[in-house]
Amino acid sequence: MEYNVVLVRYSEIAVKGGYTRSRMERLLLRALEESLAAAGVEAEVERLQGRVLVRLRSPGDAAAAARASARVFGVKSVSPAVEVEYSGIEDLAEKAAEFFGERVRGRVFRVRARRSGVEGFTSKDVERLLGKLLLERGAGGVDLEKPEYTAYVEVRGRRAYFFDTINPGPGGLPVGSEEPSLALYSGGFDSGVAAWMIMRRGSPVHLAFYDFGVPEALEVAVEGAKTLAGEWAWGYRPRLYVVNFRGAALIVNGLVKPSYRTLVLRRLMLLHAQDLAAREGFEALVTGESVGQVASQTVRNLRLISSGLELPVLRPLAGMDKDEIVEKSREIGLYDIARRQVEVCGVDQPPNPRASPQGFRSEFEKVRDIFIPPPRVFDLKGESLHSILKTLGLRG
């Protein structure tokens with residue numbers, strides 16, 4: 001028997017009610033279809049009660065379909081599986097034994113069964129009967145606590161699904177469940193993970209990169225943005241806004257006292273990002289700040305730079321350590337790019353970790369109204385990496 005379906009599970013969507021649940025399930029199906037198509041998998045996506053079923057046209061696509069499905073927000077876990085029809089519990093157990101028989105030969109195993117919409121037998125009945133058949137076919141014994149192999153059976157009506165792996169997905173909510181947001185994105189560890197975490201909560205995240213005139217930093221940021229979009233942004237078309245901030249940095253360095261320069265630049269970026277978000281219809285800003293990680297990210301300084309903003313500033317990394325952030329970057333596939341990013345702050349002196357509010361306001365007023373050129377905008381799904389870099393003057 002070859003895998004002919006992929007079972008897709010979700011958790012948080014299941015606790016929603018009525019219209020909200022139905023809407024989120026539709027968003028999940030749309031994102032799954034897009035991810036599968038991008039992976040070159042031909043399949044039909046079908047909604048079941050509490051599950052999504054990916055019905056494969058080619059059994060050879062099972063592994064690719066499972067990988068693609070596990071990259072969709074809202075998915076708790078996925079399992080390549082064999083779908084069969086059965087006439088009764090004996091027929092079900094025989095077909096399951098045909099699938100699992102060689103897999104458990106000589107191995108200590110257990111059976112885990114679930115059923116829905118079935119009368120006439122229980123999950124325990126399935127486990128006992130299948131376990132008996134597998135022992136007769138050469139299994140090495142049963143251990144319910146620490147088996148070498150677990151045979152999973154899920155019964156739904158007159159169909160059953162056999163599988164032996166449960167691969168985790170990202171969880172969260174499908175993209176589109178929440179309103180769109182704009183992430184201040186540098187291409188480093190923090191901002192990439194922050195954007196991913198808000199995408200995971202259902203917000204279509206777009207990215208704004210503030211360019212201080214360092215080509216290496218811009219190139220890494222574009223590559224990271226393309227990777228984030230290409231691996232995780234299913235169900236929408238994320239945009240990258242490249243903002244020329246070189247002039248702003250020069251003015252700040254020339255007019256603002258050294259100990260306030262980083263904070264003033266950060267507030268300028270937040271105010272500009274807020275205006276950009278308002279024009280584009282985004283309803284929140286996202287930053288990668290972690291409380292106390294650097295001097296500009298103390299509680300006092302975070303209050304100073306974001307005071308009075310109309311849009312909420314989402315800081316999903318606020319309580320995370322740097323090691324946790326780096327590890328999450330590795331998990332989501334951004335580590336190898338983010339580790340190449342160069343440190344660019346735009347100013348030549350770190351801030352006071354306990355800056356004076358009065359002093360900060362006084363220094364910020366010196367540059368409040370400086371001109372910032374309109375951003376260059378790129379479709380991260382529709383434009384190639386080479387095309388974007390060429391437009392930015394980073395490729396011939």
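Note: Cβ is positioned from N, Cα and C throughout, glycine not excepted.
Marked as ATP binding site by Swiss-Prot on the basis of sequence analysis: Leu184, Tyr185, Arg266, Gly288, Gln297. Per Swiss-Prot, domain 'THUMP' is recorded for 63-166.
Structural mapping of features recorded in Swiss-Prot.
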residue	record	Cβ contacts under 8 Å, 6 or more apart
Leu184	ATP binding site	Ser191, Ala208, Tyr210, Met269, Leu270, Ala273, Leu285, Val286, Thr287, Gly288
Tyr185	ATP binding site	Ser191, Gly192, Ala195, Leu207, Ala208, Phe209, Ala221, Gly224, Ala225, Leu240
Arg266	ATP binding site	Ser296, Ile305
Gln297	ATP binding site	Glu289, Ser290, Val291
Secondary structure content of the domain 'THUMP' (63-166), with strand meaning DSSP E or B: 37 helix, 35 strand, 32 coil
Among the ATP-binding set Leu184, Tyr185, Arg266, Gly288, Gln297, as the record gives it, the longest Cα-Cα distance in Å: 16
Arithmetic mean of per-residue pLDDT over the domain 'THUMP' (63-166): 97
